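Undergrad: Below is one structure. I have some questions about it.
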Amino acid sequence: MSEHQEDSTVASEQQQQHEEDQLTLRALVSTREAGVIIGKGGKNVAGLRDATGVKAGVSKVVQGVHDRVLTVSGTLEGVAMAYSLIARTMIDNPVAANTMDGNTSQDASDNTGNAATATNTITTLRLLISHNLMGTVIGRQGAKIKHIQDNSGVRMTASKTLLPQSTERVVEVRGTVEAILQAISEIGACLIEDKDRAYGTILYNPTKVTSVNDRRTSFTRTGNGSDFNQTDFSTSASSLSQPSRRTSYQPPPPHHSQQPPLNADVRTQQISIPSDMVGCIIGKGGSKISEIRRLSGSHISIAKTPHDDSGERMFTIQGTMESNERALYLLYGQLENEKERRLQGVVLQQQQQQQQQDDVLLEEEE
């Protein structure tokens, strides 16, 4: 092997190792907290990126929704440092940060108005963790989460239920800046070590359901391979909307024309679909998408590659307003069926894990 080929091989291996060491860790923040994290003109988040080398951003404000998603991506060291700096920012801005802890403004100052109380050195982060990775973070009989708490000094609480329309759960991490730095380092190491288990994660997106008549709609992203793929990092990241199985919208009656009439008022609509959901819409040999085209009467084309770093692919729907609504309804239904199937798989897996733990305990007792 030539020297050039050896150098190329080494570079390739180093690049692969770098990618494997990358971590994306998301957290829920209130709208007020998001404003503090971003800072005036994006000053704070820009400083955060420069200081830690991470990519960081907060999802767009959605009217009527109080939570936003903070996304931080980079090396384990960089992500841990970034969250510790975010914790410091929250502590230094207690009026804006009190919603994160769920505390009153007395956490920021005592009754005499002094800010130097014990409570204003502590804050809480609400991390979003894939359900499939919760076992990694909690450990057998809670051993891992206890180890993290004892080592770092934080207090951790894991939610027992999945967030709506997702397979993610909340893990609250409460402590000082130094404790949070240590805890995030240990949590992140667990997630990187076992990240393959996060395949197919349906990411939580705190948005309201929007009408299917919107010109542009996109669905909650899912982990295609893991939770640690690149997501939106712009502070003006586009809002995501989720279809609901409880929607009262009813589809127009089926239409059996393959294409919209030439003299009709043809409209074009686009929706973004996560790449790992595209297969369930297309179906084996294109059977499902062909059926949707036939029943709706709309022409539906699918981009061959993702249209941006989000990993989503664009579906372009052309037809009359009625046929497009029908196509959207059918597409939504197919996506919801797939989400339901995946959620059922998660529940089944949880039951099997619990049964295995019970069996082990019985064996130990015997």
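Each position is counted from 1, following the chain as shown.
Keep in mind that glycine also has a Cβ here, set from the backbone N, Cα and C atoms.
Any TrEMBL annotation is an automated prediction that lacks curation.
Feature annotation from TrEMBL assigns compositional bias 'Polar residues' to 219-249. Annotation source TrEMBL lists domain 'K Homology' at 21-91, 121-192, 265-336. As annotated by TrEMBL, region 'Disordered' applies to 1-21, 215-262.
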Undergrad: What are the helix, strand and coil residue counts for the domain 'K Homology' (121-192) according to DSSP?
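TA: Taking the domain 'K Homology' (121-192) as a whole: 38 helix, 20 strand, 14 coil.
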Undergrad: Quick check on the domain 'K Homology' (265-336): DSSP residue counts for helix, strand, coil, in that order please.
TA: 37 helix, 20 strand, 15 coil
